[in-house]
Amino acid sequence: MRETKVVCRELDCGNPVAESRPLVKEGRGGVRLESSCNGHESTLRQCVTKTYTCEGGYYHHVICSESVRLVDGAGLCSGRVEVKSNQSWASVCEADFDRQDAEVVCGELGCGAPAALQGGLYGEGEGQTWDKESQCKGKESLLLDCDTSDRENNTCLPGNAVGLTCSEPDDVRLVGGGSRCAGGVEQYDQGEWRTVGDDYWGDVAVVVCRQLACGSTVSVLPGNTTRGFGASCSGSEPSLRECWRGYDLLPGLTVICSDLLVQPDISLTDSMGGVSRGHQGPEMFRGYNFTITCSTQPQYPGGSFLLTFTVSNRTQTQPAVNHSAAFLFPAADDSHQGNYRCVYDNYVFSHNFSSESELLSLTITASPLTAFIIRHVVVLLILLTAITTSYLYYKPTRRQKTVNRVSSMDLYVNAMEMVSLSSRAEAGPGEERAAQGTE
């Protein structure tokens, strides 16, 4: 699409959206151009071009965005947003552009969903700022279909020219390889999936693996020679549609990318109810058996699972049976606490591939029965201590009370005797003898 990009730029029609080659009606001649552009030329004449006269056949059909474009980005789906206004291009202020506006622009340009939206992301525009504010609902086909309103403030501060990054279009796939990252290359074009071929396989494979987020290229094999279209890439393009496209009959490609295997799953189970869910992950009670299971989706037969334990670098390996493997741990103790990971290995397409699961963080805690016993022993000890303390306290107290009671009686007797003596002294000798006689 490098030549298409130059054509749209020369016509001042924004970004290229699509290209195709409808069949020319019989008897209609034309000019055949074989152009080689790098995509940065201002006009098609600046490209290396060979001209031929042709009778019938195919001609190039180009669709440009016309009213909106992304500039100064890494590809067709990223750059500073500019809108065509009064036959000139104007940047858009970040305050006047939201996520729903971005969804419409990304769709209009043939890209995927918005991935990043930020002022100053791709520099400042040299021209004017758009004097409108878009009010898209996100479902419109074109930005011009959205409602607009006049901007409240006609100035846009430096650093606020909105930049937009859209994801790459979902128009490429690999088929027949048992994985989304392996198989024959196909691209969606004019309403159908078509085979992509190339004489120089490597660079096309690099772009395909990158666009599909499948890692790097592992191998490229010749595929079926099916009429579709050829592609020629430099290897730096973010998507296949930005490569050169030809319509000669070329052998198809079978591409194998490094991220061939899907990510395996890791889980922990037990048959005695000794596992619970904690804040950092599963918690296992001491003394209980537990099992860590590794599993993966059924892509390819065979393979093996490696279970790694990061604390002590211990590893265990088991063959994959029905795409899973179970690792049994008897009597959990503190040495089992740590992080576990499953690694799935398989040998397919004459290469070794592996994929790692997420980490499983395991904590070992006391069992409920042990905790119950400890808790009750502690309670009994507290009660015993309280009883002993009370006994030791009240025993000398009772003795002291007995002593106190004896002392009180002595004081009472002494007091009574003193009262009696005092009474006799006051009565005199006669009364005392009378009292004795009476007695």
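One-based numbering along the chain as shown.
For all residues, glycine too, the Cβ spot is worked out from N, Cα and C.
According to TrEMBL, CYS146 forms a disulfide bond with CYS136, chosen from CYS136, CYS166. Per TrEMBL, the residue from CYS37, CYS54 that shares a disulphide bond with CYS47 is CYS37. According to DSSP, the secondary structure content of the domain 'SRCR' (68-167) in residues is 16 helix, 39 strand, 45 coil.
Closest to CYS233 (disulfide bond) in space, going by CA atoms and restricting to the disulfide-bonded residues CYS47, CYS136, CYS146, is CYS47. Each of the disulfide-bonded residues CYS47, CYS136, CYS233 was scored by how many other Cβ atoms lie within 10 Å of its Cβ, and the smallest score goes to CYS47. You'll find the Cα of CYS47 (disulfide bond) roughly 38 Å from the Cα of CYS136 (disulfide bond).
Computed over the domain 'SRCR' (1-65), the whole-number mean pLDDT of the model equals 70.
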